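> Sharing a structure, written as C-alpha cells. Questions coming.
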Amino acid sequence: MQGKINLIGHLNDGMLEAGCDEAGRGPLAGPVFAAAVILPEGFSHPLLNDSKKMTEKAREILRPVIEREAVAYAVESVSAREIDTVNILNASIAGMWRAVMRLAVKPEFLLVDGNRFWPYTRISGMEEGMSTGSPAGEGPWADRNIVLEYSRIPYQCIVKGDGKYASIAAASVLAKTYRDEYMRNLAVEYPQYGWERNMGYPTREHIEAIREYGFTPHHRMSFHVKELEPSLF
C-alpha cells in the first residue's frame, strides 16, 4: 500500500515556480522525456508522490488531474541520436530546458530534480543548431535569443526532489506517463523488443532481442551493455 507523504508546495513563496524532472535515463532505447509543471498555490493530491514509487494506475489517474489543474505544463523529449551526441546527462538537462521553454507561462524560478543542472547554451552539440529566430518546425530552443532569455531564470537543484516538492513530483508523473505511452506506441512498429513491457530498459528479453534482430534507429548506440559485448574467448 502506498504511504501518504506531505509534499512541499513552493520553495519561494510568491514566485512562479516550475518543477522539472525527467524519465528514461537508463533505457537502451527510446528518447529521454522531461516535463516542467507550474502548480497553483495550495495544490495537493493524495496520490501525488515520486512517480517511481507510484503504481501505474496512480500515475494514469494523476496525469489528467495535473494537466487540468496546472497553471502551465509542458512535456518534451530528446531523441536517442541526440543522446548519443551530447550524452545522457546533458540530454536530460536539455529536455528539462525544452519543457520550460514550451510552458505557456514563463516561470520565475525552477526547481530541478537531482544535483546537476546548467544552462542550455553550455550543452555542446545543442547550441550549434541555434540561430536568431526559430526556424519553421523547430522549438523555441532553436532561437538563441529565447535560449539566452530563459537561461537567466534562477534555479535550484533538489536531490530526490520528486519526493519533496509537489511541482517536481507532478513533472515526474508527466514525464514518466508520456514516455511509457511513447514506448508502447513504438512497440507496435518494433514488436520483437517487448518495449511495451520493458520500456526500452536492458531486460533479458530486450537484450536477447537485440542479439537476434540487431539494433534499431531508436537504440542509444553510446550505451554499452556487458551482455552485448563480444567475448574475448
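Any Cβ shown, glycine's included, is placed from N, Cα and C.
Note: TrEMBL annotation is automatic and uncurated.
Keep in mind it's a predicted model, so treat the numbers as computed, not measured.
Straight out of TrEMBL:
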- 15-233: domain 'RNase H type-2' (DOMAIN)
- Asp21, Glu22, Asp113: divalent metal cation binding site (BINDING)
> Measuring CB to CB from Glu22 (divalent metal cation binding site), give everything in the same chain under 8 Å that is also at least six residues away in sequence.
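Glu22 (divalent metal cation binding site) has long-range Cβ partners Val32, Phe33, Ala34, Ala35, Ser92, Gly95, Met96, Asp113, Ala175.
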> Of Asp21, Asp113, which of the binding-site residues has the most Cβ neighbours inside 10 Å?
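Compared across Asp21, Asp113, the most Cβ atoms within 10 Å surround Asp21.
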> Taking the center of the Cβ atoms of Asp21, Glu22, Asp113 at the recorded divalent metal cation site, which other residues in this chain have a Cβ no more than 8 Å from that point?
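Not counting the recorded site residues, we get Cys20, Ala23, Ala34, Ala35, Ser92, Met96, Val112, Gly114, Gly161, Asp162, Ile168, Ala171, Ser172, Ala175.
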